[in-house]
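A.B. asks: Once you've had a glance at the structure underneath, I'll fire off some questions.
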Amino acid sequence: SAIGQTNGLSRPKHINGNGTDEPVESSAAVTHSEHFQTLLDAGLPRKVAVKLDEIYIAGLVSHSDLDDRAIEALKEFNEEGALQVLLQFKDSDLSHVQNKSAFLCGVMKTYRQREKQGTKVSDSTKGPDEAKIKALLERTGYTLDVTTGQRKYGGPPPGSTHAGVQPTVGTEIFVGKIPRDLFEDELVPLFEKAGPIWDLRLMMDPLSGLNRGYAFITFCTKEAALQAVKLCNNNEIRPGKHLGVCISVANNRLFVGSIPKSKTKEQIVEEFAKVTEGLNDVILYHQPDDKKKNRGFCFLEYEDHKTAAQARRRLMSGKVKVWGNVVTVEWADPIEDPDPEVMAKVKVLFVRNLASTVTEELLEETFCQFGKLERVKKLKDYAFIHFEERDGAVKVNISSSASFERLLVVYAQILTRVFPQALAEMHGKDLEGEQIEIVFAKPPDQKRKERKAQRQAAKTQM
């Protein structure tokens, strides 16, 4: 019989432990690392253990780089899926990946997402030019940490660039409309012109391997962040491709509706502190005609964006009730620092907490002593006082009243910096039985108008 023979010679078949016709591995032909048996003992299928061991031997990753969580997650895949995951992991550029275990878990998550969507890895996906990235890192001395979700340049920068503490609020900018195939080698040279960069986080789409079109850049100083907005907003980074750049505001404030109108600020603080963590303050507005009642909504201010997000999820879950009712919760429009140059030209005062008996005539009579007025406009329990000259408005300017500063801390800080000579001649004074509160009116916020229009459009479509 010619079966099993070659040139008349019989060739024995080796049956391996899986009962297939594949040859049994010969110790003379196959070399395993010292951790190969550990992978088998951990429960990985033999083929999967062999593939991962090959990655070890190639020096792409060491056994100590992968924790138990990554190995356990790999075991949840069938053999074909695990091999595909390891192949993608092996083909990834791991040179800038600091946490390889987390990166492997990210590759597994992406694989599952692709399975659900029925998509495959695109061989044509163009990543960064590694030669240019390497040249950038050598020139600046910064580090680059790559995960499946983002690429982080710096954080902290080298000591020769900035040796100070981590920057605070107001130093981060948002960069949008980034071409999807653009990376640090094009972004950094543009933005470092504004000042020293603390870190740059380019958000990545694991499914495509391209960026998501936006990034966050933290500068070492607020001045550099403001300069970056001026220099780079609407910058044509590629032909026909203009960036959108603005100061990033980490929102820590929630809008909450369906509040019983009889509740006081103290009662609201007590109730929401029971069901959420990190609550710093409650901002409450009273009805113009009845100061004992609130307007049925409030703003909750939390320690930071993270605690605010956790509170939002909890309150929106439907499981948490406040005074026996489910409340409505939305992100409040973030308070952004007004541009000092713009605020320096403001000639309008915003006056709130006015009694219902206060008329425009009374306001005009009260404020005309500080300068010539253009007009006075009262709406409900607040009003706008328009001066012809800024000096008149400055004379009436606010003091740092603790209660008011909580409500309008941004304005107070700006005014303290820009107008140290400001006099508190009217703020906190009694007018028709109510203590009035005064601040420079903030110019119209175009972004807020756009957000409001978008919300209205979304409600109309529902």
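FYI, residue positions are counted from 1 along the chain as it appears here.
Each Cβ is built from the backbone N, Cα and C atoms, and glycine gets one as well.
Fair warning: this is a prediction, and the values are worked out from it, not measured in the lab.
Below are the features I grabbed from TrEMBL:
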DOMAIN    171-250  domain 'RRM'
DOMAIN    252-334  domain 'RRM'
DOMAIN    347-443  domain 'RRM'
REGION    1-25  region 'Disordered'
REGION    147-166  region 'Disordered'
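Tell me about the surroundings of these features in the structure.
C.D. replies: DSSP assignment over the region 'Disordered' (147-166) gives 0 helix, 5 strand, 15 coil.
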A.B. asks: Take the domain 'RRM' (252-334) and count its residues per DSSP category (helix H/G/I, strand E/B, coil), listing them in that order.
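C.D. replies: Tallied per class, the domain 'RRM' (252-334) gives 23 helix, 33 strand, 27 coil.
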A.B. asks: Can you break down the domain 'RRM' (171-250) into helix, strand and coil residue counts using DSSP?
C.D. replies: 19 helix, 31 strand, 30 coil
